[in-house]
Amino acid sequence: MRSVDSLLLLGLTGLASQANAHPAKRQPNDSPLSKRGVDLDAFRLPELAKYVPQDEVPDISNARIAPSSDYTKTAEEFVKSVVGKATFRLVSDHYVGTNGVAHVRFKQTVNDIDVDNADFNVNIGADGKVFSYGNSFYTGKIPGPLVKRDTSDPVTALKSTVEVLDLPVDASDAKAEPKGDEHYTFTDTSGTVKKPEAKLVYLIDGEQNLKLTWRVETDVLDNWLLTYVDADKTEKVVGVVDYVADLATYEVYPWGVNDPSKGSRSVVEDPWNIATSEFTWISDGSANYTTTRGNNAIAQVNPSGGTAYLNNYRPSSSSLEFEYTFSTTQTDPVSYRDASITQLFYTANKYHDLLHLLGFNEAAGNFEVNNNGQGGAGNDFVILNSQDGSGTNNANFATPADGSPGRMRMYLWTYSTPRRDSSFDAGVVIHEYTHGLSNRLTGGPANAGCLSGTESGGMGEGWSDFMATAVHLGARDTRSTNHVIGDWVYNNANGIRAYPYSTSLTTNPYTYRSVNSLSGVHAVGTYWATALYEVLWNLIDKHGKNDADTPTFDSNGVPTDGKYLAMKLVIDGMALQPCNPNMVQARDAILDADVALTGGDNQCELWTGFAKRGLGTGARYSSTSRTESFALPSGVC
C-alpha cells in the first residue's frame with residue numbers, strides 16, 4: 001500500500017476551534033479532492049491495533065515456544081499461540097534492525113484472501129525471545145468460502161470509485177485484464193499515472209464487521225488512492241487510503257541552514273557519506289551520471305505538473321560542478337531552476353544518508369535503486385519534482401511499498417513577492433521525506449498504508465515536523481528555544497502551525513486532551529511533535545547535543561548525544577509499533593526502543609517528557625475522548 005501526505009494541509013484546519021489559538025492564518029491550498037467537495041477523512045480506516053510493550057509480554061508466552069535459530073519461525077509460533085485458529089501468511093519484508101531487534105509481520109487471511117487491515121507484527125529481541133508485538137487481527141465470525149462470481153464485477157468497482165470520489169479519471173470504456181487470482185489491471189482508461197488495478201480483499205470496517213471489497217488503486221498524481229468498494233454493493237465506498245502525504249560540487253544552502261533567511265549559500269565538495277551512499281549520489285552502481293540523478297534520487301523541474309519526469313529538465317555538468325546563481329529577489333522561477341533542483345537534490349540526499357546511519361537502511365525499506373545486496377526491494381529512488389506546476393503553497397510526498405519510487409513534489413509559494421520556492425526550505429523537504437520514512441517503517445516496508453487513521457496520520461505529520469526541527473537545532477539552542485515550521489515559505493514568522501514547538505506550556509499549551517478538540521491530521525500532528533520536542537530536550541540535557549551533520553555511536557551502536565539518540569529512538573519506535581497505532585502505543589514503542597537499544601537507560605527522561613504533555617502512565621486512547629495523565633510509573637526516576 002502507499003501513502004500520500006501533504007505539508008500544507010498541514011494543520012491549519014481546526015485552529016478556529018481552539019479558544020486560545022493564535023489568530024487565524026490564510027489557509028494553504030487544499031487537496032484537489034477536497035476542492036471537489038470530497039472529504040477523505042470520512043473514509044479513513046478504523047484504528048484497530050493493540051500494542052503489547054516489552055514489559056507486558058508474559059514470560060509464559062516465550063516459555064511455550066520452542067527455541068529456533070530462525071526468528072521468523074519463533075514469530076510464527078508466537079502468532080499461532082495468540083490467535084488460535086486464525087489463518088495468516090508471512091509477509092516477506094522481515095529484517096533485523098540496527099538495534100538487534102528483528103521485525104516480522106503477518107497478514108491475516110480468510111478463505112485464502114487477505115484481510116487488508118488485519119496485521120500482526122512481532123519484534124524478536126537479540127536473545128531470540130519475543131520482545132513486543134502488535135495485533136489487529138479480526139476475531140469475529142468468519143464467512144464461509146466464496147462461491148464463484150459471488151462478487152460484483154471489478155469494472156463496476158472502478159467506476160464507483162471514480163464517481164464517489166469524483167476522480168479525474170475516464171473509466172467509461174474500462175476493461176479488466178486478469179493479473180492474478182482475483183487481481184485485475186484496467187485498460188482503456190485515462191487520467192491516471194499508471195493503469196488502475198483492483199484486487200479482491202477483506203476489510204474490517206468501522207463497525208468491526210468483515211467486508212469483502214474490491215481494493216481499487218488509482219494514482220491521479222495529487223492523490224494515490226486505495227479505495228475499498230463493497231463487493232456486494234459496489235456503489236458503497238467502505239474506506240480509502242491515500243499514499244500522498246502533503247511537504248561533485250554543489251552550491252547550496254548547506255546542511256543546518258534551514259532556508260535563505262537563516263544563512264548563506266556555499267560550495268560543498270563530495271558531500272555524500274560513502275558508508276551510506278556507496279555509489280555516491282551520482283551513480284547507481286551501473287551508470288554514472290553528470291546530472292542530478294543517482295542511486296537515491298532523481299531531481300528535475302516539473303512546471304507542467306504532469307506525471308512524466310525522466311525527460312524533464314535537470315542541470316547537467318560534465319565537470320560535475322553544480323554551481324548556479326540564485327537570489328531571493330529573482331522573480332522568474334525559470335531563471336533559477338538549476339539552483340532549485342540542485343538544492344532539492346542535495347537536501348534529500350543528505351537526509352537519506354543521515355536516516356541510513358540511524359537505521360533506515362535497505363533492509364528497512366529505504367529509497368534506493370540498487371540495494372547492493374543489503375536486503376529490501378530496490379528500484380525505488382525518490383522522484384524529486386522542483387517547481388511542480390500542479391499546485392502552489394504546498395508540498396507532498398507519495399509513499400508506495402518498498403520497490404516502487406517515492407515521489408516528492410515541491411511547489412512555489414505565493415505569500416510573498418517574489419514567490420518563494422519550497423525547494424530552498426530544508427525543513428519542508430525533510431518534513432516531506434519523513435513521510436516516506438514513517439510510512440515505510442510503520443507496518444513494514446511492504447505495507448505503506450499503516451498511517452491512515454486520524455491519530456496515526458496525525459503522528460505522521462508530527463514525526464515529519466519533529467525530524468525537521470531536530471535536524472535544524474542551532475548550536476546555541478537550549479530547551480528555552482522555540483522553533484516553527486515553514487516560516488520562510490509562508491512569509492510569516494509564526495510559521496504554519498497553531499503554536500511554536502516549545503517546552504513552555506505558556507507558549508504552547510497542548511496536552512493529550514487537546515487532541516480531543518483538534519480536527520485534521522496536521523493539527524493532531526502538532527501535538528505529537530510537541531510531546532516529542534519535550535523528550536528531545538530531556539535527552540539533550542542528559543547526553544548533550546552533537547551539532548555535527550552526522551551522529552557518533554558508542555561500541556553498542558548508541559548515539560552518544562541526546563539529539564541523535566532522540567531521532568534514533570523515534571525511528572526504532574516506528575519499526576516496533578503496530579499498523580495504525582495510536583499515541584499511547586507509539587509512546588510505548590519509543591520506550592521499548594530505548595530498552596532494546598540502551599537497556600532502558602533513558603526511561604526517566606522519556607516518561608518525564610511524555611507525562612509533561614499528558615501522555616503519562618494513566619493516559620488512555622479513545623477516538624472521541626482521550627484521557628490524559630501527568631503521572632510517572634512508580635520508581636521510573
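From the backbone N, Cα and C atoms, a Cβ is placed for every residue, glycine too.
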Quiz prompt | Residue from N29, N288 to which Swiss-Prot assigns N-linked glycosylation site | solution = N288
Quiz prompt | Three-state secondary structure, N288 (N-linked glycosylation site) (per DSSP) | solution = strand
Quiz item: Which state, by DSSP, holds E432 (active site): helix, strand or coil?
Solution: helix
Quiz item: What residues, ordered by sequence, lie under 8 A Cβ-to-Cβ from N288 (N-linked glycosylation site) and sit at least six positions away in the same chain?
Solution: I282
Exercise. Report, as a single number, how many Cβ atoms besides its own are within 10 Å of the Cβ of H435 (Zn(2+) binding site).
Key: 31
Practice problem: Using all protein chains in view, find how many other C-beta atoms are within 10 Å of the C-beta of E432 (active site). | Solution: 31
